[in-house]
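Lifted from TrEMBL, the feature list:
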- 20-39: transmembrane segment (TRANSMEM)
- Thr240: active site, nucleophile (ACT_SITE)
- Arg268, Val269, Gly270, Asp271, Thr291, Gly292, Asp293, Gly294: substrate binding site (BINDING)
Amino acid sequence: MDSVLDPRSNSEPYERKQVLSYSWIIFMIFVSLNSASGFETDRNYVLHAKHKYSHRSKMLPVVVNTWPFTNATAKAWETVYDKKGTALDAVEKGCTACEEEQCDGTVGYGGSPDENGETTLDAMIMDGTTMNMGAVAALRRIKKAISVARHVLHYTDHSMLAGSQATEFAVRMGFKEESLQTEISRDMWRKWKGQNCQPNFWMNVSPDPRNNCGPYTPNPTTSVASKATNNVFDDKNHDTIGMVVIDRDGHIAAGTSTNGAKHKIPGRVGDSPIAGAGAYADGSVGGAAATGDGDVMMRFLPSFVAVEEMRRGSTPQKAAEAAIHRIIPHYPNFSGAVVTIHKDGEYAAACHGMDKFRYSVCNPTLGEVTVHSVPCLKTK
């Protein structure tokens, strides 16, 4: 069952309707002139073109966002619809809203402390028209990760900057350097230390990571099967807000922002800032974003796979399912989801490792931020 939040009017502005009317009048004049000049006009083709144009206008612009982060979706929608901003603008504004609200504690400052108690951030933004991108990984002491990623896109020839050097870049670009820790994140870290550092991400080391904190050293005699108790990825512990936006002009952008996995080994980077893993956009096809166990999902580039499936003719639903099915045989217990949008505005999602997955959407037909729920695929 879908639920509706943040009601808005779904009627298009008068000026927008006027432009569409003029465009259709010009198109019909062109057809008439061609017909008068001796060119045979296929009436069925004209009617099909009119229907397709009308359908597309009702589907675009569109915002799709992993998880029911409705305020982030509303901010992106306000940017791309009310303010007639670009897809890139909407992705940045939407992800920024989640960074500021610390969505589910998995985005922005004050969440997911690593083994040293520090919060670091990953983010990326991709332009589906130019196929350019900007990303930051393991960003320290800067709150506005998605905006720093956009500065990488606009002001450098690089695709990604990482760690303390990414912080230095951000400071040069005018961003404020400040602690990303909060009392909540410090308390989370203290409790984890008090539980013998459980759960953690270590394996094949000494002392036994299943009931000891480090420091650890390699133990080649330890079986892979004795892996420490791992973090459980779910709706409160996952990699990312992932967002895909198509603006009025059909331009597509995708972006992500996250503070990563709780109690990660310092320096760990997940799928979020990696093009094709955390998100992907191709203006000739569509876009996709992924969320969940980033260490697993990045090995399969699910966002890229989903877009390529749409390129081959798959519907957004089948494309999302194909990306998830690519992972299941290798990691039958993984938890994650993929959202997809075709360039014409059709969207869908697929998931695994949960009972259901909720994501938020807005377009002119819906007229308001709407939360959809899909049942997850089962391991065969």
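Even glycines carry a Cβ here, placed using N, Cα and C.
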Of these binding-site residues, Gly270, Gly292, Gly294, which scores lowest on Cβ atoms within 10 Å?
Gly270
Could you measure between Asp293 (substrate binding site) and Thr240 (active site, nucleophile) for me? Cα positions, answer in whole angstrom.
10
Using C-alpha positions only, work out which of the binding-site residues Gly270, Asp271, Thr291 is nearest to the residue listed as 'active site, nucleophile'.
Thr291
CB within-chain contacts under 8 A for Val269 (substrate binding site), separation at least 6:
Asp122, Ala137, Ala138, Ala162, Gly260
Cα-Cα distance, maximum over Arg268, Val269, Gly270, Asp271, Thr291, Gly292, Asp293, Gly294, record's substrate binders, Å:
16
Asp271 (substrate binding site), number of other Cβ atoms within 10 Å:
31
